[in-house]
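> Copying in the features that TrEMBL gives for the protein in this structure:
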BINDING   30-37, 147-150, 176, 184-187  ATP binding site
ACT_SITE  37  active site, proton donor
BINDING   61  beta-alanine binding site
BINDING   61, 153  (R)-pantoate binding site
Ligand code: AMP
């Protein structure tokens, strides 16, 4: 597994792969890797000849109220996991390589960035779109794998790649969950044992609400009941909503003409849990 820490070495490594006729899949991450990230590497391997993972804790996607320094980092553990997952290349640029002094270009995706995480974390999707665009250009990958776990991010990146005519296929990968339904997340390590025991309530409540909507319960009452269930369990929901799957526009009624998604974010102690499921 080759490790690149500067752009010229990444360019040389990906050029060599292309010269050998290999299709490259990119897996963008912020490190602190778990089985969810490893499933993206596996998905990349299924559709391409080589897989590159990037590990970059992107300061641009944290807003001033969020603690960038608290984000978990484990370079040695991450590299061991990527090696055993069969990753071919790791791109881990220092911040100065990604944003050299004088950097002045950002990417703002309207549409799917609006609302939900876009409201809760102002500037977040600008940071995500900007770094993903740069990662796509730097790697020249054919495919990029993204987790459905971050559904809105997946839609923002898909929209950005289409709008900017970037010749890359965005590959959605299903959410990996613990046996009790909790979606794997680097932030779960900050849950106390009691909070960890409560956390699966989010997925259970979403599943129940989706079932109720499909059985014909009015959307507003299914959502209100879900919100109340979360609060009763000690979670503080930021949102619990039914949306059009690609545009993230809120739906007040069940849709007959296209995919819907239930999206939710809720705080449990100091941890913000984020999840979504198809309806
Ligand atoms: P992160 O490093 O947390 O920013 O995530 C990097 C990538 O891993 C993103 O595409 C996430 O959607 C994806 N990811 C994170 N958690 C999971 C999960 N539980 N299942 C599948 N993909 C995930």
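Start at 1 and count along the chain as shown; that gives each residue its number.
Any Cβ shown, glycine's included, is placed from N, Cα and C.
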> Which of the recorded positions listed here (37, 61, 153) have a Cα atom within 10 Å of the Cα of residue 176 (ATP binding site)?
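Neighbours among recorded positions, in sequence order: 37.
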> Filter the candidate list 30, 33, 37, 61, 176 of recorded positions, keeping only entries whose CB is under 6 Å from an atom of ligand 1.
30, 37, 176
> Could you state the CA-to-CA distance between residue 30 (ATP binding site) and residue 37 (active site, proton donor) to the nearest Å?
10
> Considering Cα atoms only, can you say which of 37, 148, 153 is the nearest neighbour of residue 61 (beta-alanine binding site) among these recorded positions?
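The smallest Cα gap between residue 61 (beta-alanine binding site) and any of the recorded positions is with 153.
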> Let me check the 10 A CB neighbour count of residue 148 (ATP binding site). How many other CB atoms are there?
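I count 18 other Cβ atoms within 10 Å of it.
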> To the nearest whole angstrom, what is the C-alpha distance linking residue 36 (ATP binding site) and residue 153 ((R)-pantoate binding site)?
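For residue 36 (ATP binding site) versus residue 153 ((R)-pantoate binding site), the Cα atoms are 15 Å apart.
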> So how many other Cβ atoms are close to residue 36 (ATP binding site), meaning within 10 Å of its Cβ?
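There are 21 of them.
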